[in-house]
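Summarising the annotation, Swiss-Prot assigns active site, proton donor to E131. Annotation source Swiss-Prot lists [4Fe-4S] cluster binding site at C12, C101, C198. The (2E)-4-hydroxy-3-methylbut-2-enyl diphosphate binding site annotation in Swiss-Prot covers H46, H79, H129, T169, S226, N228, S270 and rests on sequence analysis. According to Swiss-Prot, the dimethylallyl diphosphate binding site annotation covers H46, H79, H129, S226, N228, S270. Per Swiss-Prot, isopentenyl diphosphate binding site is recorded for H46, H79, H129, S226, N228, S270, and the stated evidence type is sequence analysis.
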Amino acid sequence: MKLLRAQTAGFCMGVDLALKKLAALIDAPAKDAPAKAIVTFGPIIHNPQVLEDYAAKGVGVVNDPAAIAPGTTVVIRAHGIPDPVRRAIADRGAEIVDATCPKVKKAQTLIQAQAKQGRTLLLFGEEDHPEVKGLLSYATAGAHVFGDMEELEKLDLPHGPTYFLAAQTTQDEQEFLRIRDYLRNRFGAGLTVLSTICNATMNRQQEAMDLAAAVDFLVVVGGRDSGNTRRLAQVARSAGTPSVHIETADELSPGMFTGYATIGLTAGASTPKKIIDRVQQVLESY
């Protein structure tokens, strides 16, 4: 059995930066000062194995500013948080360490600038995703969220307001382009389009498409709560390539690959290298 591993599999820049910031806090407490409690506001990334490792090191997770004690070090998750929540955390007397992905922060800034001009946001994203909740907080002139073209077509969008289009940073680029063309046809040149999908996401999705076309079966590794990982699995399904989405190598068995000569391996942006390496090791043993 031949194995092909995606070069883009594993941590993206934003995840890597966030985890390095958290690791620095754990490994280098202030000299001659009592250790401060360290918490993340929401899961710092969407990977249960990483979260378990940090929990074992004493890093807590909070989801409500009211639960934060004064003096606590609060690390903002890579997905970002709503602006009012950030202010509420500061009001609790916490020390804030911002680990928001730079690409997410740029999207927040771009959306805020458009909203200040009175434009209404049309956001392509998962309504319940933490990144989306954060982005919406900057759309102070109004917003509509939709997860796909079907949901968009059902929205009541009168021609009075001036709209602008943006996307969750990990959304599907090809679907976004279809949505852009549909909205331009509907609203004309008055529609402002923001480029907020991360380049790393686009590259990862393109490589997954190429890999799906070159293999008989594709293994996608990453947390089941990870939106970008789920979209990689969707790429394989759209290509008609048999696939499986797993979190760890423990979910594999030789019988899954009976009759397949070439296996592809890719992983989401929040999947640690050691987990991908272990999956590769197990696959190569079959």
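The count begins at 1 with the first shown residue.
Every residue, even glycine, has its Cβ placed from backbone N, Cα and C.
Working note on the binding-site residues T169, S226: by count of other C-beta atoms within 10 Å of each C-beta, T169 ranks first.
For the binding-site residues shown (N228, S270), fewest C-beta neighbours within 10 angstroms: N228. On the backbone, the CA of the residue listed as 'active site, proton donor' and the CA of H79 ((2E)-4-hydroxy-3-methylbut-2-enyl diphosphate binding site) stand 5 Å apart.
Other than H46, H79, H129, S226, N228, S270, the residues of this chain whose Cβ falls within 8 Å of the Cβ centroid of the isopentenyl diphosphate site are, in sequence order, I45, A78, E131, T170, G223, D225, G227, T229, G268, A269.
Note on proximity: of the binding-site residues C12, C101, C198, the one nearest S270 ((2E)-4-hydroxy-3-methylbut-2-enyl diphosphate binding site) is C12, by Cα distance. The DSSP secondary structure for H79 ((2E)-4-hydroxy-3-methylbut-2-enyl diphosphate binding site) is coil.
The record assigns H46, H79, H129, S226, N228, S270 to the isopentenyl diphosphate binding site, and the maximum Cα to Cα distance across that set is 15 Å. The separation of C12 ([4Fe-4S] cluster binding site) from H79 ((2E)-4-hydroxy-3-methylbut-2-enyl diphosphate binding site), Cα to Cα, is 13 Å. There are 26 other CB atoms within 10 A of the CB of C101 ([4Fe-4S] cluster binding site), with all protein chains counted.
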